């Protein structure tokens with residue numbers, strides 16, 4: 001049976017949010033095949049919701065999402081390069097194909113984001129609870145960032161997740 005969820009307005013949720021802020025992100029599963037250049041997309045996606053909300057299956061899907069986000073930037077770069085060509089060297093068939101691939105990949109990315117619930121009711125419960133958990137996470141990160149460089153800082157921050 002699944003563990004009972006912590007109330008988003010509890011002190012335990014605030015403590016978990018501070019732990020999440022100290023860790024900042026989650027490393028991708030080594031067996032999932034995240035492209036090196038897709039790491040910025042990975043970290044942005046992972047930070048989109050509370051770190052303790054990610055399941056192992058979500059992390060695998062997040063790798064696919066990050067790789068697709070990288071791939072769409074490559075396709076857009078190729079499209080811009082082809083669109084700059086003038087005259088007989090311009091390949092309209094390739095341009096049309098690239099545009100089609102971009103649209104299809106955008107749809108895939110949107111579906112993956114919905115599935116991951118960078119809004120998922122199935123993994124994270126009611127959306128009102130997820131909204132509060134995400135707010136707790138943002139508040140904890142802001143507090144950490146405001147106070148971490150102060151020499152006379154009296155706020156205790158966890159050093160390890």
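Placed from the backbone N, Cα and C atoms, the Cβ positions cover glycine too.
The DNA binding site feature in Swiss-Prot is assigned to 96, 100, 107, 114, 128; the stated evidence is experimental evidence. Under the heading coiled coil, Swiss-Prot lists 88-115, citing sequence analysis as support. Annotation comment: Swiss-Prot describes 37-60 as region 'Helix-turn-helix (HTH)', evidence class a curator's inference.
Mapped onto this structure are the features recorded in Swiss-Prot.
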| residue | record | contacts (Cβ under 8 Å, 6+ apart) |
| --- | --- | --- |
| 96 | DNA binding site | none |
| 100 | DNA binding site | none |
| 107 | DNA binding site | none |
| 114 | DNA binding site | none |
| 128 | DNA binding site | none |
### Task
Sort residue 128 (DNA binding site) into helix, strand or coil using the DSSP assignment.
helix
